[in-house]
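> First the structure, then my questions, so here it is.
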Amino acid sequence: KTLFISGLTAMEKKLAEYKCNTNEAIQLKLVRFPEDLEDDNTTFNPEYSHQVFGDDEVAFGYKGLKILLYYIAGNLSTLFRIEYTSKVNEKFDCVEADDVESKIREIIPPGFCTNTDDFVSLLEKEVNFKPFGMLLHTYSIHNEEAGEDITYQIYKADMTCPGFREYHERLQTFLMWFIETASFIDVDDERWNYFLVFEKYNKDGATLFATVGYMTVYNYYVYPDKTRPRVSQMLILPPFQGEGHGAQLLETVHRYYMSSPTVLDITAEDPSENYVKLRDFVLVKLCQDLLCFSPVKLMQGFSQEMVTEAQQKLKINKQHTRRVYEILRLRATNMGDAEQSRSYRLDVKRRLIGPYKKKQRELAKMRRCLRPEEMTNQLNQIDLNLQREQLEESFQQLVSDYRRVLERLAQA
């Protein structure tokens, strides 16, 4: 018996050596120059790979597994290769290695290179790549490392642009690695709009374009003659994150829809925490100069005038306008003054308590239908002290989020 058990653990130990974390194994690159291929500094890894490799994000059957997914910086032509130092063998180990290649092939479009020489020869043609669609906005950001200003451009594209459909298929694979609940969209639906960010860079005296990120927006129909654009996906590629491109993109998209009389307001589908922070910053920046948000009016409380003006002029919906009001009112409030600070706290908490109030109304209904002993269990769940604590916690968290927005605004 003991022999059998130790034998099993030896086997288990051996097999454990053949497990690789797929977030580390997948190596991504955006390549501009042939030397980028050998430069580890240009490599970045996924944040997520569970959609492709399962919840534990593990590939079994290999030692030293590397899944190389290299993209040419502009048109995203792809090199896909798998390397490893050793692989389990069905004959000896009686187990089969995961079919890593077919898992990756499911999400990347066909037509990729499998060897470096083909990829490098494609890189030489990159000088012909131009952004798709219509130029909406140009901006520049000072780059410390390069010691110069770098120029970026935002374009609006659609599936009628030659080559865009194939390019978008390559671009959207990045969603799987960086958005936790990503899914591919139905590109044949014409109500999708695509907004793309590119960087201009120089190579051998020519101007080339590199892909920085993008956003997809779906135009929902609102009766009788309006649309409500809803932001679906937004991704700034990791090498460009933290430089302010997300804010430029979101503001540009708002400005694009602002000029359209048929657009009611802009919403977002299942926004992440980071997206909400970004949106707070952009919307506050847009709204701060509207008359309805003057300090005097902010102190009088949230008003219909704010809702109407933000919606008509900036296409901001009511819920987001309320957050903008709270952030701008915080800026106008002297929190050191007991009266002002109390008034602000009450104003925000009145909004936060909404869901609790709803719960209590539901309880009252239950009270009429349930026997008393069932009722006490339900009531115990909603302890008033706990509710106060949760409310205070939510309030403190909001204020610290709001302060960060205001700090960023002060630096902008």
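Just so it is clear, glycine is given a Cβ too, placed from its N, Cα and C backbone atoms.
Annotation comment: TrEMBL describes E269 as active site, proton donor/acceptor. Look at TrEMBL and you will find 18-180 tagged as domain 'Histone acetyl transferase HAT1 N-terminal'. According to TrEMBL, the feature domain 'Histone acetyltransferase type B catalytic subunit C-terminal' maps to 279-330. Look at TrEMBL and you will find W192 tagged as site 'Interaction with histone H4 N-terminus'.
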> Considering the recorded positions W192, E269, which residue's Cβ sits among the greatest number of other Cβ atoms within 10 Å?
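Selected residue: W192.
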> Mind looking up the mean pLDDT for the domain 'Histone acetyl transferase HAT1 N-terminal' (18-180) in the predicted model?
94
> Which numbers of helix, strand and coil residues does DSSP report for the domain 'Histone acetyltransferase type B catalytic subunit C-terminal' (279-330)?
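Split into helix, strand and coil, the domain 'Histone acetyltransferase type B catalytic subunit C-terminal' (279-330) gives 41 helix, 1 strand, 10 coil.
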